[in-house]
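Copied over from TrEMBL, here are the features:
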type	residues	note
TRANSMEM	115-133	transmembrane segment
TRANSMEM	139-165	transmembrane segment
TRANSMEM	186-206	transmembrane segment
TRANSMEM	212-232	transmembrane segment
TRANSMEM	239-260	transmembrane segment
TRANSMEM	272-294	transmembrane segment
TRANSMEM	320-339	transmembrane segment
TRANSMEM	375-395	transmembrane segment
Amino acid sequence: MDALRLRPSLLSARPGAARRRDHFLPPLCSIQRNDGGRVYFSSQRTQSPPLYHNQKLLDWKSSYCRISRQSISTSINASGQQLQSEPEAHDSASIWRAISSSLDAFYRFSRPHTVIGTALSIVSVSLLAVQSLSDISPLFLTGLLEAVVAALFMNIYIVGLNQLFDIEIDKVNKPTLPLASGEYTPATGVAIVSVFAAMSFGLGWAVGSQPLFWALFISFILGTAYSINLPYLRWKRFAVVAALCILAVRAVIVQLAFFLHIQTFVFRRPAVFTRPLLFATGFMTFFSVVIALFKDIPDIEGDRIFGIRSFSVRLGQKKVFWICVGLLEMAYSVAILMGATSTSLWSKAATIAGHSILAAILWSSARSVDLTSKAAITSFYMFIWKLFYAEYLLIPLVR
């Protein structure tokens, strides 16, 4: 059929219908009107193709393609941004995890209980040189800060050096330490202890205080001889010599040298050994012996394997445990008597009450320790350090 006849009613009702439909007809078709006014649809090729309609169709196709390409591009860009942001977020999280892991490893490497003990002891002993509130001045605080920082640097050197020469032992006794666990290589450990030793001596030299510098130097010598594995050294292998090393640093050097640093270098006063200073030295002699003995109780397994003849290896854990408790109770008894002879009422009350409470807590805690459990013994050892901290809070009250 050459033509499709359309009803005029449809065209009259919708005058623009033919025009709109023609817009969507293919270029080989057209709507024509004959002489009689009849409208018909022709499928024959017309002599003049509707270029206008072809152009409109091409424009529509081009617009559609441009919109599609823009949508796809937008989606790709958005996806690309998301793909870029996810690695960036992952990288940031990885960086923070690495920083956190490094700080945690260094925290364990520095043996924080010894760092706290060193800082508290220096602050406490320095306060013994204070005679009035006017002495607590910027000059005093600066001298105290210099002493604490230099001593902490040396403390990290000493505990780090000990770990360097105890890697195999610590794999048994303290496997969470960075060198024993493999988080630090020996080269890393050597670098850390070298830097901290240099910073300690550098600061001590820059300050210019002879008591401070000699305290650092003697601590360096004893700490090195205690740990380093050379002929006639590694004194930790010998129980008595090891205890004397710890006693010399914790009981004598810390008390006397840092007191003299404040007394003679900061305050420019003559060197005097006061009653509170002598009490602190005597009390910390007992405490240092206890720490030297007790620290080997949890480590008896590794020490026995590697030939470290500690008192715990030679006498047994239980006997050494109760020797330590007895020495501390004896020290608290002396402190109570010291407080009773004080001429200051407030010092007498604080000294007697404080040491009585600590002695009671020690006895009660010691009786509940399971000596067959390494975890329980280690926990009690850390409790001993807390008593050590508490004592340095009481020492400035002794008058």
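Just so you know, glycine gets a Cβ as well, placed from its N, Cα and C.
Remote same-chain residues near the transmembrane segment (375-395) are listed as 113, 116-117, 120-121, 123-125, 128, 276, 279-280, 283-284, 287, 290-291, 294-295, 297-298, 317, 321, 324, 328, 335, 350-351, 354-355, 358, 361-362, 365-366, 369 (criterion: CB distance under 8 Å, separation of at least six residues from the stretch ends). The highest tally of CB pairs under 8 A with the transmembrane segment (186-206), across 115-133, 139-165, 212-232, 239-260, 272-294, is held by 139-165. Using a Cβ-Cβ cut-off under 8 Å and counting only residues 6 or more beyond its ends in the same chain, the transmembrane segment (139-165) has close neighbours at 109-111, 114-115, 118-119, 122-123, 126, 130, 177-180, 186, 189-190, 192-193, 196-197, 199-200, 203-204, 207, 209, 212, 215-216, 219-220, 223-224, 226-229, 234, 236, 258, 261-262, 265-267. Across 115-133, 212-232, 239-260, the stretch most heavily in contact with the transmembrane segment (272-294), judged by Cβ pairs under 8 Å, is 239-260. Taking pairs at least six residues apart, the transmembrane segment (212-232) and the transmembrane segment (115-133) share fewer than three Cβ pairs below 8 Å and do not count as touching.
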